[in-house]
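Feature annotation from Swiss-Prot assigns L-aspartate binding site to Glu171, Arg217, His448, Arg489; the stated evidence is sequence analysis. Taken from Swiss-Prot, the feature region 'Aspartate' applies to 195-198, supported by sequence analysis. Residues annotated as ATP binding site in Swiss-Prot: Arg217, Asp218, Glu219, Gln226, Glu482, Gly534, Leu535, Asp536, Arg537.
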Amino acid sequence: MRTHYCGHLNKSLAGQTVELCGWVNRRRDLGGLIFIDMRDREGIVQVVVDPDMADAYAVASQLRNEFCIKLTGEVRTRPESQVNKEMATGEVEILAKGLEIINRSDVLPLDFNQKNSEEQRLKYRYLDLRRPEMSDRIKLRAKASSFVRRFLDDNGFLDIETPVLTKATPEGARDYLVPSRVHKGSFYALPQSPQLFKQLLMMSGFDRYYQIVKCFRDEDLRADRQPEFTQIDIETSFMTSDQVRAVTEKMVREMWLELLNVDLGEFPVMPFSEAIRRFGSDKPDLRNPLELVDVADLVKDVDFKVFSGPANDEKGRVAVIRVPGGAELTRKQIDEYTGFVNIYGAKGLAWMKVNDRAAGMEGIQSPVAKFLSEDVINGILERTQAESGDIILFGADKANIVAEALGALRLKLGKDLGLTKEGTWAPLWVVDFPMFEEDDEGNLHAMHHPFTSPLGLTAEELKANPAPAISNAYDMVLNGYEVGGGSVRIHNAEMQAAVFDILGIDADEQKLKFGFLLDALKFGTPPHAGLAFGLDRLVMLLCGTENIRDVIAFPKTTAAACLMTDAPSVANPAALEELAIAVTVAKEKSAE
C-alpha cells in the first residue's frame, strides 16, 4: 500500500511520486490550501492539498486528527524561507494527488498536545504509543534487542529457549503459579529466571548460551520493576569471571556506541565493601561526587552516646557526608532531610555547618558541637577536607541503617543541589559480594542466589565458617542502576549441598526441589559462569527516562494490573471447577 515511510522523505526524492500510509497528526486550512501533517512510525511530513485537485481536496476537507489515511503525491522541495528545521523532513513537502480515508477516528480520550495522566495513558496504551516520543522509545528497544542478538551470535553464543511452565524454586521473590488441569492440585511456576535451565545447558555441552526471555516475579513494584520483565540471559562454560565481564562489558560499550554514539570507556572495578563504605550502596551513582566518610574512631570516646554507642558497637557505624556549599541550607531544609533519612530507619540527622574554617570553633555552627571537643571537631574537618561554606551531615546507628540512610541521602542531595552530573555516564563493576546475609534472627540467606560459587573456599571450609564468605559474583552498574548481575556457578554436588545445608534446606527438601540439579552435577559438570541483564532497564537508560513503563509496549501498573485489558480478572467458575480450584477470597471478605 505504500512506497515510503513519511519520516524517510528528503530532497533526493524531489519530483518523485510516492504513496504513503499513516495518520493525520494535524490539519490546517490556510488561504484555500489544506495542510496535513501526516504521521507514521518513522516520522511526520507536511502534505499540501490544492483546491485544483478536486477529489483529494474533498477528502481532505473531511479529515480530522487520527484519521487513518492513504496518500498519493509528489515530493517537492520547500522554498528556503519555508524550511522547517524542527522536522527531519522539513526541507520537503508532498503535493497531494490522491487521498483516501482508510478509517475514521472518534475524538480521542487522550490529548497529545498536553500531559495526560499515567492512568489514562495506560488505559489507552495503543493510542499513547502513537506519540512520537513513545514510538521512538519502542523502536530504540527493538534496535537494542537486535544489537544484542547480533553481537552474541557473532561471538559464538547460541540462542536456546528454556521452559516457561516449570517448577517452583526459591529465588528470592514469590512465584506466579499456574494450576495444572491434568495433575489436579499441582502447579507450575512461571520462571523468575532461566537460572537452572541455563546451568543444565552448560552441563549439556552447549558452551555459550543466550536468550532474550520473559521472567516473572510476584513482588512489590516500583518505577524500575514490573511483574513480567525481559532479561538478556547469558551463560558460558570454561570462562572465568574476568572473561565473562570482559565480553559483556564489550557488548554494552558497543551498544552505547552504536545507538547513542557514546564511548563509555573502560569500566572501573570496585569491591562491594568499598562501594558500601564510600557510597552506602552496592550500586553507586559515580556521577555524584558526595561520599560517606567514616569517623567512628574519632568519636568513640566522646560523652555523646548517640555517637559513641554505635562507634563502639561491632555492628555499628558512624559516618558523615560533607556537602560543598551546604552551609546555606535552612533549618527547614535540614528538617526535611531528617524526615527523609527517617524513612530508612535513621533516628535523626546531626549536622555541623562550617561557616568560617579559619575562625576555629567560632566558625562552627552545630547542635552537637557542645558534645564534641575541639580536637574531635578538627579531626572530622580534616578527614572530610571541609571548607568554609560546607555542611557535614552525620549518620550513627547500625552499619546497615547508616549505609542505607546516608546512601539514599547522598543521592537526594546530589539531585536537589545539582551536584550529580546529569547527561554523563558512569559505569562500573561491583565485585566480591558477601556470599550470605544475616536476618534479624541470625539466619543466613544467599545474597544473590544459592547457586553462586564462593571465592577460594572448599565445601568444608565454607561449612566451618560461612558468615564471612565472599562470593564470586559481579554486578554491572550504570548511573546508579544495577543493569546486570551474574556469578561463577557452583559446579560440583558437594559444594551445592553444602550451600543448601547452610541455608537450612535439609536433605529431603534438597531432593524434592533440586534433586535434578544435584544429580546433574555428578556427571562431569564443566565450570560455568553467566550474567543476566535487565533489558527494560538498559533501554530505560538509553532513552533517558526514569520509569521502565516508558519503554515497555504494554506495561502493568504498580499494582500489577493492566488497565487496558482489565487484567487480572475473575476466572470462569467452570474453568476453576475443571482445575479443582476453590476461590476463598469472597468468603474471607464476607467474614470480615
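Every residue gets a Cβ built from N, Cα and C, even glycine.
Structure with Swiss-Prot features highlighted.
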| residue | record | Cβ within 10 Å |
| --- | --- | --- |
| Arg217 | L-aspartate binding site | 21 |
| Glu219 | ATP binding site | 14 |
| His448 | L-aspartate binding site | 20 |
| Glu482 | ATP binding site | 17 |
| Arg489 | L-aspartate binding site | 25 |
| Leu535 | ATP binding site | 24 |
| Arg537 | ATP binding site | 20 |
Assigned element (helix, strand, coil) containing Arg489 (L-aspartate binding site), judged by DSSP: strand
Rounded Cα separation (Å) that holds between His448 (L-aspartate binding site) and Glu219 (ATP binding site): 16
Helix-strand-coil residue split for the region 'Aspartate' (195-198), DSSP-based: 4 helix, 0 strand, 0 coil
Residue from Glu219, Glu482, Leu535 whose C-alpha is spatially nearest that of Arg489 (L-aspartate binding site), among the binding-site residues: Glu482
Mean per-residue pLDDT computed across the region 'Aspartate' (195-198): 95
Span of Arg217, Asp218, Glu219, Gln226, Glu482, Gly534, Leu535, Asp536, Arg537 around ATP - largest C-alpha separation, Å: 19
DSSP state at Glu482 (ATP binding site), helix/strand/coil: strand
Distance from Arg217 (L-aspartate binding site) back to Leu535 (ATP binding site), taken between C-alpha atoms, in Å: 15
Collapsed DSSP category at Leu535 (ATP binding site): helix
